[in-house]
Amino acid sequence: MTKTDKNKRSIFVRMDKLATIGLGIISFILGIGLWWFATYVGSTNLPSPIDVVIRCFELAGNGQLFVDIFASMRRVLIGFLLGVSIAVPIGFLMGWYRLARGLIEPWIQFFRVIPPLAIIPLAIVTMGIDETPKIFVIFLAAFLSSVVATFQGVVNVDRTYINAARVLGASDWVIFRSVVVPASTPFILVGFRIGLGSAWATVVAAELIAAQSGLGFRMQQAQLYYDLPTIFVSLVAIGILGLIMDRLVGRADEYLTRWQEKGTA
Amino acid sequence: MAQPEPKIIFRHVNKIFGEGPGAFQAVKDFSLDIAEGEIVTVVGPSGCGKSTVMNIAAGLIPLTDGECLVHGREVKGPGPDRGVIFQQYALFPWLTVRKNVEFGLKLKGIKPEERRTLAEHYIEMVGLSDFADSLPKMLSGGMKQRCAIARAYAVDPEVLLMDEPFGALDALTRVRLQEQLLETWSQDKRTIMFITHDVDEAVYLANRVIVMAARPGRLSKIIKVNLPYPRTDEIRLSEEFIRIRNEVWRGVYSRGADAA
Ligand SMILES: Nc1ncnc2c1ncn2[C@@H]1O[C@H](COP(=O)(O)OP(=O)(O)O)[C@@H](O)[C@H]1O
Ligand SMILES: [Mg+2]
């Protein structure tokens with residue numbers, strides 16, 4: 001491939017991207033316009049976009065919004081980091097040792113079908129009503145998706161890579177470190193992405209049920225007072241933060257697995 | 001004239017996969033001596049146990065019965081004394097060409113500076129100097145296989161085991177890599193066991209062509225290739241070459257040979 005070829009192609013890619021962004025903006029404006037129109041003609045009792053923006057400034061101005069965001073983010077990050085840092089070693093263990101797999105897998109398969117939220121009553125009764133039960137269910141959500149992904153990643157490592165390492169004189173430990181870990185990284189990162197998504201979903205729901213702070217709590221309070229603009233602001237914040245976190249993991253994924261041959265999709 | 005000991009010895013090798021009613025005999029009573037510095041090619045229909053035999057010598061598959069010796073020692077597992085080149089290239093996609101080639105050198109405990117020099121040498125040998133810091137995904141199939149060859153050569157194995165290494169490449173690239181393989185071999189005279197399904201390739205490279213038959217996988221014929229090296233274009237097009245090629249062809253494809 002010559003250099004000019006490459007340049008040409010990257011220009012095309014950029015134009016494509018610009019077009020996509022442009023369409024996105026147009027679609028956004030149309031959507032908001034439609035919403036505003038619907039509230040303007042009074043065909044719905046939802047707040048208008050303007051009400052929501054005003055409430056957003058109020059909540060941001062008195063700092064309430066940031067306090068809520070901080071409370072929710074803190075729970076998610078602590079739970080998520082705890083979850084994945086325990087999930088990855090256990091997933092490796094399960095993929096590498098038959099014994100570990102046999103002992104651990106039934107439990108994981110069982111807990112995997114229970115929605116983490118369903119653990120909340122149990123967690124509250126046994127752990128009290130402060131941060132611990134909430135962080136625990138988020139931990140569980142992140143742990144379960146990451147442990148399965150890691151384990152799948154190890155099981156799916158191409159035998160050819162392992163054989164190629166063995167014939168070059170690699171010991172089991174070297175194979176693990178230099179082949180199994182990098183080869184399963186793409187799987188693990190998919191698990192992280194799903195784990196973070198489900199942790200975020202779980203925190204909001206957990207706060208709806210039992211919390212004195214956070215975006216979920218704020219919505220639950222607003223519901224009591226029929227305060228629709230605050231509910232909207234919270235929802236939009238949840239969406240935007242979820243998107244940002246997903247993008248961050250996505251970027252990390254792209255970077256760490258840039259060696260992968262991607263099919264021309 | 002005292003015969004030196006063969007480099008690779010298969011003695012009555014049997015391989016049965018599985019146990020009980022599901023057991024499958026992949027290789028039956030396979031015996032073969034490969035001399036030091038010899039190129040032996042193995043041809044046969046798919047599923048006749050070519051890869052199995054080679055993987056037994058590589059130490060990747062344990063044999064069920066019989067003996068396999070490489071440099072006079074019983075094969076107990078894989079090792080860097082036997083370089084293996086796989087059809088699927090098997091480059092580590094997360095490592096650059098250079099890091100791939102250095103992988104085995106690192107395991108041998110060679111110091112970084114020396115590692116780099118050695119890797120550089122073998123990367124140059126296969127003509128990938130411009131791509132030394134590229135990831136495998138940037139390489140064509142032929143370049144990937146050249147990188148795999150450099151990686152295998154770098155640890156300086158006495159024996160090369162190649163399992164259809166050029167099978168996935170286009171005809172032109174294949175011929176070029178065949179020529180390069182012979183050129184390198186003419187200098188270092190490593191012992192090579194080379195599996196292929198291409199009859200032309202088998203004859204072009206070999207001192208001897210081993211024809212295998214299926215169900216059960218076994219050695220059916222050994223055909224000596226009495227053609228000098230270097231194998232020039234004249235030799236490739238000579239009548240003797242074509243005669244041997246036809247003999248191998250009949251050995252692989254004719255029903256008569258199979259039933260015998
Ligand atoms: N791990 C295995 N388990 C069961 N059967 C196998 C295994 N590996 C190979 N075989 C069988 O053994 C036979 C020989 O395989 P192989 O040596 O790969 O053939 P070839 O390389 O000549 O195409 C095939 O029928 C294949 O299905
Ligand atoms: Mg094969």
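Placed from the backbone N, Cα and C atoms, the Cβ positions cover glycine too.
What TrEMBL says about a protein is an automatic prediction, not a curated fact.
If you look up TrEMBL, you'll see A:21-38 (among others) marked as transmembrane segment. Only residues 6 or more beyond the boundaries of the transmembrane segment (A:21-38), in the same chain, are considered here, and those with a CB under 8 A from a CB of the stretch are 44, 46, 48-50.
Per TrEMBL, domain 'ABC transmembrane type-1' is recorded for A:69-249.
Through the fold, the transmembrane segment (A:76-97) approaches residues 104-105, 134-144, 146-155, 176, 180-181, 184, 188, 191-192, 195-196, 199-200, 203, 245 of its own chain, all at least 6 residues removed from its boundaries and within a Cβ separation under 8 Å. Among the features that TrEMBL reports, transmembrane segment is placed at A:76-97 (among others).
Annotated transmembrane segment per TrEMBL: A:109-129 (among others), in sequence order.
Look at TrEMBL and you will find A:135-154 (among others) tagged as transmembrane segment. If one looks beyond the transmembrane segment (A:135-154) by at least 6 residues along the same chain, the residues whose Cβ comes under 8 Å of a Cβ in the stretch are 75-76, 78-80, 82-84, 86-88, 90-92, 94-96, 101, 105, 108, 111-112, 116-117, 119-120, 123, 127, 180, 183-188, 190-192, 194-196, 198-199, 201-203, 206.
Away from its own ends, the transmembrane segment (A:174-192) comes close to residues 84, 87-88, 91-92, 95-96, 145-150, 152-154, 156-158, 161-162, 165-166, 249, 252-253, 256-257, 260 of its chain (Cβ-Cβ under 8 Å, at least six residues beyond either end). Under the heading transmembrane segment, TrEMBL lists A:174-192 (among others).
The transmembrane segment feature in TrEMBL is assigned to A:224-245 (among others). Residues 46-47, 51-52, 54-56, 59, 65, 68-69, 72-73, 76, 196-197, 200, 204, 215-216, 218 of the same chain, all 6+ positions outside the transmembrane segment (A:224-245), place their C-beta atoms under 8 angstroms from a C-beta of that stretch.
Below 8 angstroms of C-beta separation, residues 136-138, 140-141, 144, 148, 198, 202, 205-206, 209-210 of the same chain, each at least six residues beyond the ends of the transmembrane segment (A:109-129), sit close to that stretch.
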